[in-house]
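Undergrad: Here's the feature list from TrEMBL:
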type     : residues : note
COMPBIAS : 24-37    : compositional bias 'Basic and acidic residues'
DOMAIN   : 152-202  : domain 'Inner membrane component'
DOMAIN   : 362-482  : domain 'Sodium/calcium exchanger membrane region'
DOMAIN   : 585-727  : domain 'Sodium/calcium exchanger membrane region'
REGION   : 1-37     : region 'Disordered'
TRANSMEM : 155-188  : transmembrane segment
TRANSMEM : 246-276  : transmembrane segment
TRANSMEM : 331-351  : transmembrane segment
TRANSMEM : 357-379  : transmembrane segment
TRANSMEM : 391-412  : transmembrane segment
TRANSMEM : 432-454  : transmembrane segment
TRANSMEM : 466-486  : transmembrane segment
TRANSMEM : 533-553  : transmembrane segment
TRANSMEM : 585-604  : transmembrane segment
TRANSMEM : 616-636  : transmembrane segment
TRANSMEM : 657-676  : transmembrane segment
TRANSMEM : 710-730  : transmembrane segment
Amino acid sequence: MATDSEPGRRRRCCCAQDTPDVPKVLDSRGDSDGPRRGSLCDRHCAAINNVQGDLGDLGCHLHRPRVPPAMSTPPCCQQHSEEVCESCVVKTTLTAENAVEANKLSNNYKFGFKKWKSHVTARPWEDRSEIVKELYSDLNVIRGSGGSTLTCGNVLYLLLFGWWLSLLYILVAAAMFVTIMGAPYGWLCWDLARYFLWPFGKVIQKVEVPKAAVGENSALLGGPTPCRWHPRCWLGTGYWHHASTAVWLCLGYPVLALAHGLVCVAAWLLILLIPVAKLSARATSRVLLLPPERVLIRRLRMTEVPLEGEVILCCYRAANPYYYKYAVDGINVFAVNLLPVVLVTLVLGYVDSPNHLTGSAVKFTLALLSIMPLSYYIGMAIASISAQSNFAVGAVVNATFGSITELTFYITALIKGSREGNRCYAEVVKSALTGTLVGCVLFVPGLCMVIGGIRHQEQRFNSRSAGVSSALLFLSVGGVFAPTLFSKVYGKLVCGECHNVTQNPLGHYLCHNCHFDLMDNNGTLYYSHVQPLVYTVSILLPAAYLIGLFFTLKTHTHIYDIHISDCHMPGHHHSAVVHWSRWRALVILLLSTLCMSACADLATEHISPILTNSTISQYFIGVTVLAMVPELPEIVNGIQFALQNNLSLSIEIGNCIAVQVCMLQIPILVLFTIFYPTNFTLVFSDLHVYASMFSVVLMNYIFMDGKCDYFQGTVLVMVYFILLAVYFFAPSPSGC
């Protein structure tokens, strides 16, 4: 989530023919002016063509243009063997700063592995763009020309913080003057009041005041004001006068530190105003703890040479729109800001059980918000462990924890429904499963196509790898809904009430609340036919998933056409400084899973009043909120890949989740009902069946040609919203 893409170069291979397209892969290294090493044909083609373009975020991509049939064979293909030129055609070369990042990039293209956009290692500072460097720099750099300070962000600072912070400094200054002993700090607060009203284009410096030469510099000559002429030093010339310092630390500093703390927290939560948070934090930790005579505040001018001395604060902008990329120890700032929500949710949920402080609606909302950062931490932990481990360990971790977020919620909901004897929970789980399937097939790739299509006129992707996921989707949807279709054919239709719409006894009847009864004749149809079919499907679907893994990861790895190269910039050291070590990632993974279980338990605990009192259909709640909120980190990853013209990974994110829903999550729920009987049966409503099948067919139609644009993405998104409207106006399931 928090990565920056920077321009580089792209090579076109001269021996490209009219072959299937591979994904465009982007580079995270930034500008690269040094030589690159790739395959043999790559080097010859680059030498002949010398074509330069854009290199994106993941590496040296070989883009194959379509060559007209009338065009003669390029010279490089005449000079080299067909095998070499074929490797030039089909290979996509990725580069990374180190081996850990290379493993992560390779895992992104492995079927069944979690796709992760952010870096799992610390990125070299010299490879970052100037925009990103500015995000992480301290506010102590004086620039030659900062431009106009009258910006919308600076005005917003004045309205939100500046005026009352300045007023508070004036009040503290007055209090310091009243104490007499704190007069030096009173003058300091007076100067800081003017500074924090509008700190932009001003600088705070730490200056030295030598005892021996205190009167040698004159204010007329541009030097620091002599101490004996400054009002702050009327009570003494020492750096820390004990009496005034005691008064300041007891009366003035705590009030200002508390105010700056509030400003820091508020600005940090607003994200775009993180420079204000840095400003307040640095003022509290540095400026307010300095002796007054060593603090110099001045306004910068373009022609002015800065004074000799340490620059403590120098701020030009209160807001920066690029702070959505900001990361703390590899964790995106949004995930950091949502972490306190998890703590508040757990405390309120388990301490305030009788709902004295807040109601069920608030606790349910907080529990859902808590799932988003926990899903992010689980995803980053899985990516970190997989990148630092071998293939076997990575496969086990992805298979074990890849669907833990959804399964945790589904299982807790089924347990609660079984204890209360309420079948609504089972219907909500079915709606959430269907919503995840439909959303990942339509909404996730469609949204990525729309956003990526805004930047790129036409995007191409690997149609062969997408074909594997599509085949598995067809198989999984057919297997999951086979018991439902079986029950429609052989089940007995039972209706709640029927009315004769004509006077003729043999005329037409209008019936309500009709459903297929599987328990007729003591449940013979269900226990003798439907249930064995469910168990059979639950065994065959995971087996098909394993065959798909073996196909894509072992026997037909060339489908993804990925090669990890060592196209590093000159002078790079290839040692990896990981954000999370394997043990740290494992601990975070386990803790996040436990917190996820607790939040899922709270969500299911407080969803009952919402299902009972809400006028919205339970179908709609399941297919929207409960289905898509846990997938938000995956959606963000897909959007980032699409913006960098790597639509293959955006599509694979949605397809892999949909396949795992049908081939792993549903069989696990069926297996769970064997050991813990619940109301969950693998018989879905007609609406779920039609929506899922139509979505899979439409998705395969869109993805046939291996290329797309924003219009096709818009079609997918619009169809998804139409299905949501159908669910919104649909009546609630019978019995709920």
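Glycine is treated like the rest: Cβ placed from N, Cα and C.
Worth saying up front: this structure is predicted, and the values here are computed from it rather than measured.
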Undergrad: Can you tell me which of 155-188, 246-276, 331-351, 391-412, 616-636 gets the most C-beta pairs within less than 8 Å of the transmembrane segment (432-454)?
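TA: Out of the listed stretches, 616-636 contacts the transmembrane segment (432-454) most.
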Undergrad: Can you tell me how the residues of the domain 'Sodium/calcium exchanger membrane region' (585-727) break down into helix, strand and coil by DSSP?
TA: 117 helix, 2 strand, 24 coil
Undergrad: Against the transmembrane segment (466-486), which of these stretches has the most C-beta pairs under 8 Å: 155-188, 331-351, 533-553, 585-604, 657-676?
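TA: Ranked by Cβ pairs under 8 Å, first place goes to 533-553.
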Undergrad: Any chance the transmembrane segment (533-553) and the transmembrane segment (710-730) are in contact, meaning at least three CB pairs closer than 8 A with a sequence separation of 6+?
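TA: Counting Cβ pairs under 8 Å, fewer than 3, so no.
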Undergrad: Look at every Cβ pair spanning the transmembrane segment (657-676) and the transmembrane segment (246-276), keep those 6 or more apart in sequence, and say whether at least 3 of them are under 8 Å.
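TA: The transmembrane segment (246-276) and the transmembrane segment (657-676): touching, no.
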Undergrad: Taking DSSP states H, G and I as helix and E and B as strand, how many residues of the domain 'Sodium/calcium exchanger membrane region' (362-482) are helix, strand and coil?
TA: 105 helix, 2 strand, 14 coil
Undergrad: Grab the same-chain neighbours of the transmembrane segment (585-604) for me: Cβ-Cβ under 8 Å, and only residues 6 or more beyond its ends, written as numbers and ranges.
TA: 342, 345-346, 349-350, 363-364, 366-368, 370-371, 374-375, 377-378, 380-382, 384-385, 388, 397, 401, 404-405, 408-409, 412-413, 416, 425
Undergrad: Who are the chain neighbours of the transmembrane segment (246-276) in space, where the CB to CB distance is under 8 Å and they lie at least 6 residues beyond its ends?
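TA: Beyond its ends, the transmembrane segment (246-276) has Cβ neighbours at 135, 139, 153, 156-157, 160-161, 165, 168-169, 172, 175-176, 179, 181-182, 185, 189, 283-284, 288-289, 315, 317-321, 323-324, 326, 333-334, 337.
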